[in-house]
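To start, the structure itself, in structure tokens.
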Amino acid sequence: MRLNNQASKPRSSHDTEREFGGTLGALCIPIFLPLTVLFLICMSRSPEASVFQWPPLLPSSDELWDPLAPLLLLGWIAFHALLYLMPLGKVSEGLVLRDGTRLKYPINGFHGLCVTGVLLLLFLGLGAPLGHLFELLLPLAVSAVAMSFLLSVYLYIRSFWAPSHALALGGNTGNPLYDFFIGRELNPRIGNFDLKYFCELRPGLIGWVVINLGMLMKEVELRGSPSLAMLLVNSFQLLYVADALWNEEAVLTTMDIVHDGFGFMLVFGDLAWVPFTYGLQAAFLVVHPQTLSWLGAAVIVTLNGIGYYIFRKSNSQKNQFRREPTHPSVARLETIATATGKRLLVSGWWGLVRHPNYLGDLLMALAWSLPCGFSHIMPYFYVIYFAVLLIHREDRDERQCRTKYGIAWDTYCRRVPYRIFPYIY
Ligand code: NDP
């Protein structure tokens, strides 16, 4: 690992390269991304749904605020915090930290999703107006943004009490703006409650599919039944979220947990960006109903299936290889040695391109937008944004891998020349 590697050559985090445009990025992103969330929600629900409309549609203050929203949001987070603390599921250890210790994490996110699902069905049976989430979207997003800022300020302040080995190497530059944005403390915890791990997959990710269900119920209120397009968007995204929670343990080896500090970038991403922008297709469909043929639906389902297959198989192959390289499912794959003692896969999924998991993810992202038809670009926001994000993330990962593995990484790149798309990129 990069962190282990650096243990033999200690270096101050002050000299790590700044990411996301450095100080300027750290100043602009927390201003522009929250505005983008609100802008996209307004656009998706306007009759024109045009991202190019000028001047852009501005919501009135009435539309932005509803006292119910912060209450719902706080209740939602408290409910998931409670589920997190329940003694459900197993407990796993994270990777070895710089001080040689390993943290313990409860693997019960999927239980949280199931409990939430059962309770929602119960509430729906009792006539709860879930479709009202459509009207509450903007106030909820405003509350989530406000909460992201408050939590990030808390995280920034408390990080000054953390020992130096508990700080992220990239988040301790001494520049307050940048450190606030990128995150100083690697694994901030209140007792055993891990704030970053909790936020990573639970309130935001499960919130996303609940919002989707709210949009579906709104459609039922307006038109009597959900459309095929709405059902597809809901099912695809529920599959994605359920998969992430089913494989929750895998998050313990991701860049977010292992490498990045917990600051505004991750807090806002987890609590505001994901739940309020990833499912915008559903909000769009409430106002812009689409007729989808069965053949069209079959093509889209197949695309999502292929994307999911590539995504799941490649992620599982690497996770298995990292956990147990001698396991029969990976033992026969061709690998190359690195100076760190770890090996790199050069056949199987990881011999096709250097990030096959990103390829699968992008195919799914496209399948989520296609049910919205071709009349507007707005529902394609997610796949366009996601392509940019994954290309940037791939580049970050390549740089980290080159630092970790040096010449072995160059050999891997020569053996597997394409990054994400075979023969294209
Ligand atoms: P990856 O799962 O792609 O992991 C990258 C790491 O894998 C590298 O740092 C390296 O770590 C290891 N690795 C790279 N190449 C090889 C190889 N050939 N053989 C063995 N190990 C290798 O990281 P991400 O966290 O970016 O992605 C995880 C999943 O999450 C992906 O499917 C991605 O699409 C998804 N994702 C989704 C997002 C969303 O918003 N929906 C956002 C970000 C990611 P090491 O060698 O140290 O083990």
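Glycine is no exception: its Cβ is also placed from the backbone N, Cα and C atoms.
Residues annotated as transmembrane segment in TrEMBL: 20-47 (among others). Beyond its flanks by at least six residues, the transmembrane segment (20-47) meets 53, 56-59, 64, 134, 137-138, 141-142, 145, 148-149, 175, 177-178, 180-182, 264-265, 268, 272-273, 276-277, 280, 283-284, 286-287, 378-379, 381 of its own chain at Cβ-Cβ distances under 8 Å.
Here TrEMBL flags 67-86 (among others) as transmembrane segment. Tertiary neighbourhood of the transmembrane segment (67-86): same-chain residues 106, 108, 111-112, 115-116, 136, 139-140, 142-144, 146-147, 193, 198, 202-203, 206-207, selected by CB-CB distance under 8 Å and a gap of 6+ residues from either end.
The transmembrane segment annotation in TrEMBL covers 107-130 (among others). Non-local neighbours of the transmembrane segment (107-130) in the same chain are 79-80, 83-84, 86, 88-92, 201-202, 206, 210, 213-214, 217, 241-242, 244-246, 248-249; each lies 6+ residues outside the stretch with a CB under 8 Å from one of its CB atoms.
Using a Cβ-Cβ cut-off under 8 Å and counting only residues 6 or more beyond its ends in the same chain, the transmembrane segment (136-157) has close neighbours at 30, 34, 37-38, 41-42, 45, 59, 63-66, 68-70, 72-73, 77, 176, 179-180, 183-185, 188, 195, 211, 262-264, 267-268, 271-272, 275-276, 283. The transmembrane segment feature in TrEMBL is assigned to 136-157 (among others).
Counting same-chain residues at least six beyond the ends of the transmembrane segment (262-280), those with a Cβ under 8 angstroms from any Cβ of the stretch are 20, 29-30, 33-34, 36-37, 40-41, 44, 137, 140-141, 144-145, 147-149, 151-152, 155-156, 171, 179-188, 195-196, 199-200, 203-205, 207-209, 211-212, 215, 233, 237, 256, 378-379, 381-382, 385. Look at TrEMBL and you will find 262-280 (among others) tagged as transmembrane segment.
Feature annotation from TrEMBL assigns transmembrane segment to 292-311 (among others).
Per TrEMBL, the feature transmembrane segment maps to 365-391 (among others).
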